[in-house]
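Reading through the structure tokens given below for one structure.
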Amino acid sequence: MAGQSDKDVKYYTLEEIQKHKDSKSTWVILHHKVYDLTKFLEEHPGGEEVLREQAGGDATENFEDVGHSTDARELSKTYIIGELHPDDRSKIAKPSDTLITTVESNSSWWTNWVIPAISALAVALMYRLYMAED
């Protein structure tokens, strides 16, 4: 696939890819590229079941979550058979954006200063009482 022009690229529809989701024919989509992993099932270090769960669909998010090595990424290129048709790319669910929440600084002074101060005072008082008994 490397170095090929756009007209040499074989495009597959999402419907066609979804038909290849068993051990006899296992296709997945990674970054809009279509991979035939049928011959790789038994070699996969994470086990064949991991690949079969993703078969026939987009495995990009799961592939990236695992944190595959550079060698694994290079090896994966040997299984590319084409690309997802541009018309079907919008049909793939995009990963949701991470929601980041912040706490207002004026509301956290209580937990940042008062509670630790009271806790330290209580510990000091208990220590003093303990030492006084000896």
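Placed from the backbone N, Cα and C atoms, the Cβ positions cover glycine too.
Predicted, not measured: the structure shown is a model, and the values here were computed from it.
Between K10, K39, K77, Swiss-Prot assigns N6-acetyllysine to K10; no such entry appears for the others, which is not proof they lack it.
Here the domain 'Cytochrome b5 heme-binding' (9-85) is broken down by DSSP into helix, strand and coil counts: 35 helix, 20 strand, 22 coil. The two recorded residues H44 (heme binding site) and K19 (N6-acetyllysine) have their Cα atoms spaced 21 Å from each other. Between the CA atoms of H68 (heme binding site) and K10 (N6-acetyllysine) there is a gap of 26 Å, rounded to the nearest whole number. In this structure the C-alpha atoms belonging to K19 (N6-acetyllysine) and K10 (N6-acetyllysine) are separated by 17 Å.
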